[in-house]
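Novice: Just dropping this structure here.
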Amino acid sequence: MAVGGFTNAAGGADFEAKITPIVIISCIMAATGGLMFGYDVGVSGGVTSMPPFLKKFFPTVYRKTVEEKGLDSNYCKYDNQGLQLFTSSLYLAGLTSTFFASYTTRRLGRRLTMLIAGFFFIGGVVLNAAAQDLAMLIVGRILLGCGVGFANQAVPVFLSEIAPSRIRGALNILFQLNVTIGILFANLVNYGTNKIKGGWGWRLSLGLAGIPAVLLTLGALFVVDTPNSLIERGRLEEGKTVLKKIRGTDNIELEFQELVEASRVAKEVKHPFRNLLKRRNRPQLVISIALQIFQQFTGINAIMFYAPVLFNTLGFKNDASLYSAVITGAVNVLSTVVSIYSVDKLGRRMLLLEAGVQMFLSQVVIAIILGIKVTDHSDDLSKGIAILVVVMVCTFVSSFAWSWGPLGWLIPSETFPLETRSAGQSVTVCVNLLFTFVIAQAFLSMLCHFKFGIFLFFSGWVLVMSVFVLFLLPETKNVPIEEMTERVWKQHWFWKRFIDDAADEKVANVSNGNGFDPTSRL
């Protein structure tokens, strides 16, 4: 999913820190940004399967689904670029706004950036709920997308910086957990509003997004900014005061000095994006980009965006399709909780490899069932087959939710060195939103042309990404952030050549006394 993760600069040492009420409350309030994002993901698939919504905004699709049911392929009745644009415009806007959000997060602080996200969310909700035409609907989605861009940049940074290091991983995944809760909440709302007579249920579905939007805005007004952000902006005394407050102790001098030093070092890097391209940073950059692309090509967002539409396509009645989407949403939430408890015990690689097997098998089974049972003009699935499809979708969703969902963000956030961490996060978010947009815009057309083969397409990608994890992804479990280079990259059979070459050339460069830095070569 298009969610975020980041890390504290003070990652290499354990400092005295209590889990204070202000930290817990601040993290809960900030994580409502994830709730908002998840609701936006979940609600779009539900309303696009509601006949009154389709009749008003997408009459061509409505006629395909109702009036011309016998004329078109089941797989193609939702194939409409405008309908896909309604869903995908949010992610394109999120991608664009990320560049601005990176600047505000650094210059204005995490708290103010979250506040801006809240205002974008509220504006988008109002336009969507009151929409009279497609243009108004799309503009509302674009505003929501801007909110996503700002929230995905600021909230995970806020969570990681304010949390004590020993629970940073769990609180980082709290954002992902809120995304899954938002999706489930949206599915439940869609199930209820679909029963409303009079054809205005979709307005209520879109309007209820205002609840997490208002929560995020109020949270941003009342939480404190992080010590890292305050120190970064030169407000040292205020940063020290906040650090004492959130750590619940006066013994914060060592952590404070490390934050000051980290800020000083970070400011010396004038061109972080250029620095990111240096040879010694190649392993982290390649892995971060690969994980974001792979995360989308598991097919998860295609299923979560369009779950009701997908189940409708397979012959479920409208009510049953929404009900099935609620089930998959609940499985998503519960499986993310599994990740919170297991990620630091079993390790990142174990979760990803196990999930690869589970996702591959479930998608192949779904493809076989659909290939045999769902033809272009079949009207229904038998009850037993329908249940099996839902079980297989839940098997797929559960494995994703404890692996590629949270870990696709957590791993990049803990591997970049300090001087490229901010730039690395921006690249990670941008790549994720770009490929989220691609999948959202293309899925219904792919479903039309590939038919059941769409699941074989995604299962092929799952096989590729599992091989990548097996050979190229090192284990980062329980490794302090600032020790990643020595303990992870320099020990890996493949990536060590980039780190060692860069280090050797730098030493040679210094001994030769010239000013050329060969580690900057690509």
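Note that the numbers count up from 1, one per residue, in the order the chain is shown.
A Cβ is built for glycine as well, from the same backbone N, Cα and C atoms used for every other residue.
TrEMBL lists 19-39, 82-100, 112-131, 137-159, 171-192, 204-224, 285-309, 321-343, 350-372, 384-405, 426-446, 452-473 with the feature transmembrane segment. Look at TrEMBL and you will find 26-477 tagged as domain 'Major facilitator superfamily (MFS) profile'.
Just tell me what is around each of these and how deep it sits.
Specialist: Sequence-distant neighbours of the transmembrane segment (112-131) (same chain, 6+ residues past either end, Cβ-Cβ under 8 Å): 30, 33, 36, 57, 97, 101, 104-105, 137, 139-151, 153-155, 158, 203-204, 206-207, 209-210, 212-214, 216-221, 223, 225.
Residues 2-6, 26-27, 30-31, 33-34, 36-37, 40, 57, 85-87, 89-98, 100-102, 104-105, 110-111, 113-114, 116-121, 123-128, 131, 171-172, 174-175, 206, 209, 213, 216, 223, 226, 409, 413, 425-426, 429, 433 of the same chain, all 6+ positions outside the transmembrane segment (137-159), place their C-beta atoms under 8 angstroms from a C-beta of that stretch.
The list of residues near the transmembrane segment (171-192) in space but at least 6 beyond its ends in sequence, with Cβ under 8 angstroms from a Cβ of it, reads 1, 3-7, 27, 31-43, 46-47, 50, 155-156, 159-160, 163, 201, 204-205, 208, 212, 304, 307-308, 319, 322-323, 325-326, 328-330, 332-333, 336-337, 339-340, 343, 401, 405-406, 409-410, 413.
Residues 22, 25-26, 29-30, 32-33, 35-36, 39-40, 43, 46-47, 50, 111-112, 114-115, 117-119, 121-122, 124-126, 128-129, 131, 140, 144, 147, 151, 158, 182, 186, 189-190, 193, 196, 242, 245-246 of the same chain lie 6+ residues outside the transmembrane segment (204-224) yet bring a C-beta within less than 8 angstroms of a C-beta in it.
When Cβ-Cβ distances below 8 Å are used as the criterion, the transmembrane segment (321-343) is approached by residues 42, 45-46, 49, 169-170, 173-174, 176-177, 180-181, 183-184, 186-188, 190-191, 194, 303-304, 307-312, 351, 390, 393-394, 397-403, 405-407, 410, 477 of the same chain, each at least six residues removed from its ends.
Sequence-distant contacts of the transmembrane segment (350-372), counting only residues of its own chain at least 6 positions beyond either end whose CB sits under 8 Å from a CB of the stretch, comprise 298-299, 314, 339, 342-343, 385, 388-389, 392-393, 395-396, 398-400, 402-404, 407, 451-456, 458-459, 462-463, 465-466, 469-470, 473.
When Cβ-Cβ distances below 8 Å are used as the criterion, the transmembrane segment (384-405) is approached by residues 1, 3, 176, 180, 291, 294-295, 298-300, 303-304, 307, 311, 314-316, 320, 324, 327-328, 331-336, 338-339, 342, 351-352, 354-356, 358-359, 361-363, 365-366, 369-370, 373, 465 of the same chain, each at least six residues removed from its ends.
Packing against the transmembrane segment (426-446) from elsewhere in the chain are residues 1-4, 78-81, 83-85, 87-88, 91-92, 94-95, 98-99, 102, 148-149, 152-153, 273, 276, 285, 288-289, 292-293, 295-297, 299, 301-302, 305-306, 309, 408-409, 412-413, 454, 457: each is 6 or more residues past its ends and has a CB under 8 Å from a CB in it.
Among residues of the same chain six or more beyond the transmembrane segment (452-473), those with a C-beta under 8 A of the stretch's C-beta atoms are 287, 290, 294, 297-299, 302, 348-349, 352-353, 356-357, 359-360, 363-364, 366-367, 370-371, 374, 404, 411, 443, 446, 494-495.
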